[in-house]
Amino acid sequence: MKLSRNVLVGSLAVSGMVLGALAPAVTAQAAKTSGVVDSTTGEVSQTKDASGMENAGQLGNTDSKLAIAYTNADNSVTGPAAAYSNASVNVVSGVLILDQVPDFNFGTAASGSVKGLVDNSKGSQNTSNTTATDGTAAVDGNDKGALQVIESRNALSGFTVSASLGSFQDAKGNAVVGSNDAKDPFILNLNPANMTLNGKDYMNSTTPFQTAKANIATTDKEAAPVMAVAEGQTGYTTGTYAADLNTGDLVSLSVPSGINAGEQKVQSLNSTITWTLAATPKTGAGTDTGTGN
């Protein structure tokens, strides 16, 4: 399962994947009232409908009635009002889903510096670099910094999310490198972030499980493990595993020296981050702050 993300420097961003299904059809139900307003006098009386309530129409519509819970002057006669809202959910079973991945925006950075994350917006994307290496649109990222996996398999065999960083390109689609790309490439630095399970801290006894520390270079030949849960790990169960990569102390970008050396120039550069979810965890990916997994 693979996701592509877009990254920008000067404005750096990453994209993410959203999975969903068609929602079931919902039968329309209008609000109901036990009080009826006389259109001439404005006086309120109790409905004569045998059910004790009558249709009031959709709440907020200009041609709808008010949904009145009727009471008479001395509260000896009362009636209810009702309104209807919708609850929906997509239920998944037996599958492992890469549900969310983050965008990263590093704002403006000097060549030869390390720049902390500004926010998780897409920044200024170059139209020349809007697709991943497999040709799919690099538009999957979210603006909250969320990295999220949904585990719904019966056999809890573990999983790993890995990331790789593509080359940074200018507006013409040309790769931009420093004076020594082999030794001084662009590097996406990810520090350990606390993980949650179903919205609550995912703990190993008294210490939180965390994502892995990763330094992901554009020159790396293999993806780096970022989040992992191992078979038999404490508290491992079905649910939503997440981490927020949304602060400068957790995410930074090392910008190589020698970019546009000797020139006065401002460039918006973009890269694609590819996030890959695999069912088999790699050793050392995803640890807690104490005893490990």
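The chain as shown is numbered from 1 upward.
Placement of Cβ uses the backbone N, Cα and C atoms for every residue, glycine included.
Since we're looking at a predicted model, the values are computed, not measured.
Pulled from TrEMBL:
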type     : residues : note
COMPBIAS : 39-49    : compositional bias 'Polar residues'
COMPBIAS : 129-140  : compositional bias 'Low complexity'
DOMAIN   : 89-281   : domain 'WxL'
REGION   : 39-58    : region 'Disordered'
REGION   : 117-140  : region 'Disordered'
SIGNAL   : 1-30     : signal peptide
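For the region 'Disordered' (39-58), same-chain residues at least 6 beyond its ends with a Cβ under 8 Å from one of its own Cβ atoms are 30-33, 64-68, 70, 72, 77, 79-82. Residues of the region 'Disordered' (39-58) grouped by DSSP class, helix first, strand second and coil last, total 0 helix, 7 strand, 13 coil.
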